[in-house]
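J.: The structure follows.
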Amino acid sequence: MGNTCSNVGPVTADKSIRAQQEEVNRSIEKDLLAEKKKKVLKLLLLGPGDSGKSTTLKQIRIIHDQGFTDDEKRQRKYIVYLNLISGMIEVIRGVSILSLTYKNANSEELAKKITKYYDEVKNSDAAELTEVVADSIGRLLEDPSVQEVLRQSSELSIEESSKYFLRELPRIRENDYLPSLEDILKSRVSTSGVYQFTFLIKNFTFKSSNEGENGSNGGEDGSNWEALLLAFVPEALRRSGFVRAAQLSENDLVKFRVFDVGGQKAQRRKWIHIFDDVHAVLFITSLSEYNQVLAEDNKTNRMRDSIELFDQICNNEWFSSTAMILFLNKIDLFAEKIKKFNITCALKNYRGAQEYRPALDYITKKFRQVNKNSKRNIYTHETCATDTMQIEVVIDSVIDVVIQQTMQKVGIQ
């Protein structure tokens, strides 16, 4: 069984895409500070880079909003193009790492042509997938050495999304191509700074089934806005014993905000102090990267770094009264990788069976152990962020936890 920690190295394509991000960050920070006294429910997505935070945010948008318009899909096709081309670059690098030689005539020239084009467009926010490049990628994929790299993709830490887009080349290269939801979920751009998604929820008044006719909930100002989000989650509504009593005016709205922040080390210091009033932290970690190293330094094990980051967040004074929810993400990839690579690559003291369940239980235990607050419960979920149906169930559960804890704080329960 393998025990190799490796990293091909990331292929980034986001400088132009993030050109206005600093201005956006400043605007968000201003809004956050201004809203501390307002009735806003906030969820904060934290975790290391490439853990699945942005994918989770996309899922929340698909599940609880209207998804993506055709115009937005058209804008995102350029991200897909870059993902496809950069995926081919990962494979070309893999050929070199494995010291393979191309078998087909002209394959080396095709690789050079693709690499040259990628260097020209990698920082663009509107890169095209030209016919010449699409043909070059298609022909290069037929080379036996390229196929060997794809067979060893897990050893080389080639992203599953890269393999996905390369498989979908015939569809993506069509002139009328419009990204599917799966394309959008699998597309990757490194998050730099802070991104937010806001729900405007109609304000409802609730009363407990165990209360009097006036629906009083014991709140000091007679409001029970913490229960408003129950309108979003029928299951939470049922379990909490709340029923809708009356609907207020159309203009009476409450905001529910979800924030996604950059997970690379250079980004982390920018965000912790801003979010001292969030209702829940969703910490997302990638299980499948236990045998990989950080792109930033090419030496730090990703899982150990993730546990260390979770320690810093879980025990940070800013989040002392915040619900802490742990997403153990990419379980599908972990299930495949655990068959090949021992988790002692990341967790040297592990002595259990090299199987999915005992290994996952041990990883869960290592994350839970960093919590120094004996009164705090760490809510854990095993997730595949690209699985919309599963994430819908998980997000409903998360919102339920936030509601229950918030109501307890203000004496509704």
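Quick reminder: no glycine exception, Cβ is built from N, Cα and C everywhere.
Unlike curated entries, TrEMBL annotations are predicted automatically.
Pulled the feature table from TrEMBL, pasting it below:
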type	residues	note
BINDING	Ser54, Thr191	Mg(2+) binding site
BINDING	185-191, 260-264, 329-332, Ala385	GTP binding site
J.: Indicate whether Ser54 (Mg(2+) binding site) is helix, strand or coil by DSSP.
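T.: Helix, per DSSP.
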J.: Specify the secondary structure state of Arg188 (GTP binding site) as given by DSSP, simplified to three classes.
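T.: SS state of Arg188 (GTP binding site) = coil.
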J.: Please compare the binding-site residues Ser54, Asn329 by how many other CB atoms fall within 10 Å of each one's CB, and tell me which has the fewest.
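T.: Per-residue Cβ counts within 10 Å for the binding-site residues Ser54, Asn329 bottom out at Ser54.
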J.: Please compare the binding-site residues Leu185, Arg188, Asp332 by how many other CB atoms fall within 10 Å of each one's CB, and tell me which has the fewest.
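T.: Least crowded of the binding-site residues Leu185, Arg188, Asp332, by Cβ count within 10 Å, is Asp332.
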J.: Binding-site residues Leu185, Arg188, Asn329, Asp332: which have a Cα within 10 Å of Ser54 (Mg(2+) binding site)?
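T.: Those close enough are Leu185, Arg188.
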